[in-house]
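Each remark here refers to the structure printed beneath this line.
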Amino acid sequence: MKSDKKNIRHLSLPQLQEYFGSIGEKAFRAKQVYEWLWLRHATSFDDMTNLSKDLRHKLEEHFVLPAVQVDATQHSNDGTIKSRFKLHDTHLVEGVLIPTDTRQTACVSSQVGCSLSCKFCATGYMARKRNLDFDEIYDEVALINKQAMEAYGKKLTNIVFMGMGEPLLNYRNVLQAIERITAPDGLGMSPKRITVSTAGVAKMIRQLGDDKVRFNLALSLHAANDKKRSEIMPINDTNSLKELIDALNYFYKATGNEISFEYILFDNFNDSKQDADELIKIYRQVPADLVNIIEYNPIDNAQFRKPDALKAEQFMEYLAKNRVNARLRRSRGKDIDAACGQLANKG
Ligand code: SF4
């Protein structure tokens, strides 16, 4: 049965203070509860041990605290940990911890499924069920942070919104989650360590500029002309490369934040010299810091293959010769379907 009780984490601190005032409690109690919710990651009212039992009971009567739970984890040979998270309504999403010598990166989901149907992506073959609430996104990050501490003794250093879903189609919740993740009374992370990756929603890229966000932006490019890009990413039909280039420039002018491109190499599709030339042309039109060239990870439904190592190397060399700051990103967590584009709640 659906509860009418409000999610307590959807109340701001002033709203919580107002509530505590209305039940005759002192204002500092609101601060204590807010700390439990965001700083101390309480998952139930019973965790709030510096409140009286009476008060905890009162909160329980009025509110719910639907914390995200780890449903299953898989450990890759390369140290990557994939988690399946269960939401309060039993929906499942996935998140990944990617450790390197210098970084602990969390890759998080923003939607249950995805509506954009990119042809190379396992999530794209699932229907979009719903958006994640901001507190659910926050929980994913907090839980992966806990895993990083437990498994590697280090906190998260970076967050990428490259899991399931298109973050800019869940705009308000993603921004609110990042506000909590970066707040001193939340996870206190630097926005410079956060990258939101989009398949290319030009209007919302401009909105990020208008909102003067402080995090970085990555565009999943994957093909550098409209015909090819529309073939693998249907969103390109309504958000052409020209529109995206203009929107990225608008974003950069408004924020000065880092922009990068993601480009998955597909064998005999986007890995020729002509493809590289088209990519270079786009790179020159946007103040992008970096092009991440990504090894393709096969998924069940798609017919793409990754090019052999020599071809990938030649592609990289050609970009370097043309002064493109490009990096070949080897896939992580392939053995557990945790690599880029492979998240689909398998098993
Ligand atoms: S690549 Fe991203 S936007 Fe495209 S279908 Fe997958 S999750 Fe959705």
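Keep in mind that glycine also has a Cβ here, set from the backbone N, Cα and C atoms.
In TrEMBL, annotation is done automatically, which means it is predicted and not curated.
Per TrEMBL, the S-adenosyl-L-methionine site holds Gly165, Glu166, Ser220, Leu221, His222, Asn297; the candidate it also names there, chosen from Ser190, Ser197, Ser272, is Ser197.
Using a 10 Å radius centred on the Cβ of Ser220 (S-adenosyl-L-methionine binding site) and all shown protein chains, the other Cβ atoms total 24. When each of the binding-site residues Cys114, Cys118, Cys121 is scored by how many other Cβ atoms sit within 10 Å of its Cβ, Cys118 comes out lowest.
Each residue contributes its Cα atom, and for Cys114 ([4Fe-4S] cluster binding site) and Gly165 (S-adenosyl-L-methionine binding site) these two points are 5 Å apart.
Each residue contributes its Cα atom, and for Glu166 (S-adenosyl-L-methionine binding site) and Cys118 ([4Fe-4S] cluster binding site) these two points are 11 Å apart. When the Cα atoms are compared, Gly165 (S-adenosyl-L-methionine binding site) and Cys118 ([4Fe-4S] cluster binding site) turn out to be 11 Å apart. His222 (S-adenosyl-L-methionine binding site) has a Cβ environment of 28 other Cβ atoms inside 10 Å. Ligand 1 lies under 6 Å from the Cβ of Cys114, Cys118, Cys121, Glu166, out of the recorded positions Glu94, Cys114, Cys118, Cys121, Glu166, His222.
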